[in-house]
């Protein structure tokens, strides 16, 4: 199995740190998970940079987290035990701006959009991380890292004579004025020229870089020793949200947050550090530079990055104003059609979002759904072991740096073949393939799609939805009644009942889309 390492700019044999020199992977079994060679599954420690929680997720976010969900699932299928960590950046100038616009605290804004994040990702069947650390919960780890960098000569202070907050525990809310005397406090910067390997991840040289590119914290070039230095800690006015620190009142720099959270949750040396290609520089470059002088170890063995999702040739981003929220897309397209669209292109290549491409993905998902139903029909009494030839081809595709386009091509061939066989059986009462071969191909299709993170109703649910629709039971009035019951359950905080109703409707081919104003839209799948 090989993966592309951004650090070395080549594909490398995947060998996790915990595996040593032993063989540690094997072919998946019929239950969708791989049987490891060793009794103890080799551990893969994987960190993915998460969202800054000030707005709804856009389709660029969807691509990132579908990709790394796919990678995680495949590693688990191959027999690894993945410890998957993904952070939330819950202190940031963008969150502060949104909080001031709405007259809320940064914490309230962050909490709301964390909840919205989970709603969106659940629609795409993205597995929950093992840990979701937050920047505001890792302050002590940040302080320790910054102090260590100061002691080793990699960081320096810049005096900032503004009032500071001395309370070591409270988060200052926007507009609150602490009654403390004026004092001196500091910003702390990382000196990039002290780290000889700076630029190794991005392949850039200092003289070619753009000064101030880390601009998450509004750095003023005049106060830095070098224009390329970046903030570890930035002093803040007492009227702004912030934290008490060894350097006075302020907020952490963007990059130190992830370094601290990686170290707290996974240790000094991890297997995979992943994120979007836009994070290679400056974020991941700076993470590496500020972590390795402290630990004396490479921060990650494999640095992995997914390509952009483009609109009209430009990366989708909020800063460019060309983004479509995931919520908007889910109001039009089936979640699994969207997942299919995002995985039909290799994860390192850019994707161009067009209406034609999404319509093609929707038709593709319909093809796969037909194949799934046929596979469920052939396997309804007894599930066979998956077809060996198909599974070997799937593994060969995925072992080559997670080749999902080739893997999905195998799934489409199986789906079409099973649909042909099912149609033949329906009209003529016979099939070309023997029953055992049909079961094996059916099991292969279901296992491949499950490993790639697709989900679908069970056979009984599928048949039940068809029968209900035929009998006229799934009419507009019934749908609206169930939605009203679900809304009442949510208001009563009976979330298990609300989820049961949502799942009941989903099994009947109805997708619910909760709106910002509290109403709920529904779509037939």
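Quick reminder: no glycine exception, Cβ is built from N, Cα and C everywhere.
Secondary structure at residue 287 (Zn(2+) binding site), as computed by DSSP, is helix. For residue 287 (Zn(2+) binding site), the same-chain residues that are 6 or more apart in sequence and have a Cβ closer than 8 Å to its Cβ are 255, 258, 259, 262, 273, 299. Summarising the annotation, Swiss-Prot assigns Zn(2+) binding site to 49, 258, 283, 287.
Under the heading ATP binding site, Swiss-Prot lists 318.
Summarising the annotation, Swiss-Prot assigns motif ''HIGH' region' to 51-61. Non-local neighbours of the motif ''HIGH' region' (51-61) in the same chain are 88-90, 92, 94-95, 97-98, 109-110, 113-114, 116-117, 120-121, 276, 308-309, 315-318, 323-327, 329, 338, 353; each lies 6+ residues outside the stretch with a CB under 8 Å from one of its CB atoms.
Feature annotation from Swiss-Prot assigns motif ''KMSKS' region' to 315-319.
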Cβ-based isolation winner (fewest other Cβ atoms within 10 Å) among the binding-site residues 49, 258:
49
Taking the recorded Zn(2+) site as 49, 258, 283, 287, identify the other residues of that chain whose CB atom sits within 8 Å of the mean position of the site's CB atoms, giving them in sequence order.
254, 255, 257, 259, 273, 275, 279, 284, 286
Including all protein chains shown, what's the count of other C-beta atoms within 10 A of the C-beta of residue 283 (Zn(2+) binding site)?
21
